[in-house]
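Chemist: Let me begin by handing over the structure; questions about it come next.
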């Protein structure tokens with residue numbers, strides 16, 4: 001079994017904005033795949049060990065206008081489009097570095113709220 005290497009893939013992601021009724025799927029490119037990591041057997045206190053993740057090398061932001069926002073709510077949202085990927089430290093400002101992240105097509109608007 002061979003894991004796919006860190007590479008660009010096409011992905012449908014959901015974009016949404018607080019105040020707008022629903023989320024909308026958009027096509028983009030993201031970074032996905034396996035990076036070789038090492039975990040030292042002997043742990044040295046206070047030493048920094050970084051796990052490499054598949055993350056953006058180059059990207060730009062694309063703008064999408066949500067069609068169902070009420071008056072007074074700015075309907076524009078931006079989302080990243082990956083141009084190239086590499087294995088490196090996780091950049092918290094551009095990547096989801098959590099252990100179990102939400103799926104790219106997850107929508108907060110789909111969660112029922114109970115009052």
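We count from 1, first residue shown onward.
Here the Cβ of each residue, glycine as well, is placed from N, Cα and C on the backbone.
Sharing the feature lines straight out of Swiss-Prot:
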type: DISULFID; residues: 6-54; note: disulfide bond
type: DISULFID; residues: 20-69; note: disulfide bond
type: DISULFID; residues: 23-107; note: disulfide bond
type: DISULFID; residues: 31-85; note: disulfide bond
type: DISULFID; residues: 35-87; note: disulfide bond
type: DISULFID; residues: 90-97; note: disulfide bond
type: CARBOHYD; residues: 10; note: N-linked glycosylation site
Chemist: What number of additional C-beta atoms lies within 10 angstroms of the C-beta atom of residue 69 (disulfide bond)?
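Modeler: That number is 17.
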Chemist: Find, for the listed disulfide-bonded residues 20, 54, the residue with the lowest Cβ contact count at a 10 Å cut-off, counting only other Cβ atoms.
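Modeler: Output over disulfide-bonded residues 20, 54: least Cβ neighbours within 10 Å is 20.
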Chemist: Of 6, 10, 35, 87, 90, which is closest to residue 23 (disulfide bond) if I measure between C-alpha atoms? They're all recorded positions.
Modeler: 10
Chemist: Sorry to bug you, but what's the C-alpha spacing from residue 10 (N-linked glycosylation site) to residue 31 (disulfide bond), rounded to the closest Å?
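Modeler: Distance (Cα to Cα, whole Å): 9 Å.
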Chemist: Output, ordered by sequence, the same-chain residues six or more apart from residue 107 (disulfide bond) with a CB under 8 Å from its CB, or 'none'.
Modeler: 14, 16, 22, 23
Chemist: Distance check, please: Cα of residue 54 (disulfide bond) against Cα of residue 90 (disulfide bond), rounded to an integer number of angstrom.
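Modeler: Each residue's Cα considered, residue 54 (disulfide bond) and residue 90 (disulfide bond) end up 8 Å apart.
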Chemist: How long is the line from the C-alpha of residue 85 (disulfide bond) to the C-alpha of residue 35 (disulfide bond), rounded to the nearest angstrom?
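Modeler: Counting only the Cα atoms, the answer is 11 Å.
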